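As structure tokens, the structure follows; a few thoughts come after it.
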Amino acid sequence: MCAERLGHFMTLALVLATIDPARGTDATNPPEGPQDRSSQQKGRLSLQNTAEIQHCLVNAGDVGCGVFECFENNSCEIRGLHGICMTFLHNAGKFDAQGKSFIKDALKCKAHALRHRFGCISRKCPAIREMVFQLQRECYLKHDLCAAAQENTRVIVEMIHFKDLLLHEPYVDLVNLLLTCGEEVKEAITHSVQVQCEQNWGSLCSILSFCTSAIQRPPTAPPERQPQVDRAKLSRAHHGEAGHHLPEPSSRETGRGAKGERGSKSHPNAHARGRVGGLGAQGPSGSSEWEDEQSEYSDIRR
């Protein structure tokens with residue numbers, strides 16, 4: 001079913017591609033200018049390109065990098081897949097058994113996904129580009145790129161070239177994934193890219209590395225502020241202890257006041273005040289007991 005649909009689509013695309021130049025000479029449809037044509041090609045894959053890629057995908061073999069070569073020359077400027085494939089194959093002998101298995105399975109996964117998804121995707125360049133990068137990430141993660149990189153770090157580092165990061169987005173996507181594969185892999189790749197950058201750009205790379213270190217500095221700030229937080233906690237604890245010791249002199253004064261009140265004839269509720277001062281604040285229950293005593297006292301007087 002899918003093969004039939006691809007065949008019909010290719011035939012229709014080829015027919016439309018042959019009709020399109022003749023339609024541009026019609027009096028009611030003036031030919032497009034160079035700017036319009038270039039902007040249209042950048043925003044959408046041309047019908048001729050679509051038909052060529054479809055034809056290439058059908059004829060490409062399952063082994064090798066033929067499927068990825070189909071995307072090298074297109075108006076959406078999606079390049080780099082073929083280069084990554086060739087780099088992996090050329091360095092496959094340097095990998096251990098796990099690394100070789102990863103290369104075989106990941107390349108096969110990417111080729112299979114490209115062949116099946118391309119016919120179902122829009123011709124808009126952003127949609128095609130996102131599809132390519134998404135399936136690439138899926139295949140790398142599915143077949144455990146990080147495990148292969150951790151066991152073959154030296155070979156992985158040798159495969160990464162600074163100039164490829166400037167020209168091909170799939171390389172950037174691959175390196176970004178590798179940077180998440182642990183500190184050892186991350187440090188090795190970062191050092192290699194910085195050295196290559198200095199060889200190509202000279203002192204400009206030193207400026208970029210300085211900016212990067214300045215950006216990465218804020219996360220180290222919290223440990224420096226930690227002693228201040230500890231000092232603040234100690235200060236609060238000191239004030240808390242002082243607060244706990246404050247009631248002692250007040251209780252003594254309350255005791256002295258109670259003795260003085262005992263010696264003099266005071267109002268009946270002075271006893272209640274002395275009790276509140278000696279035992280601390282009692283809340284609603286203390287006030288209700290005092291009211292009960294007052295009511296009993298008034299009943300006796302009656």
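Please read every residue number as a count from 1 along the shown chain.
Every residue gets a Cβ built from N, Cα and C, even glycine.
As written in Swiss-Prot, here are the features:
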- 1-24: signal peptide (SIGNAL)
- 23-44: region 'Disordered' (REGION)
- Asn73: N-linked glycosylation site (CARBOHYD)
- 218-302: region 'Disordered' (REGION)
- 227-264: compositional bias 'Basic and acidic residues' (COMPBIAS)
- Ser250: phosphoserine (MOD_RES)
- Ser251: phosphoserine (MOD_RES)
- Thr254: phosphothreonine (MOD_RES)
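Close to the residue listed as 'N-linked glycosylation site' in the fold, though at least 6 residues off in sequence, lies no residue with a CB less than 8 Å from its CB. DSSP assigns Asn73 (N-linked glycosylation site) to coil in the three-state reduction, placing it in neither a helix nor a strand.
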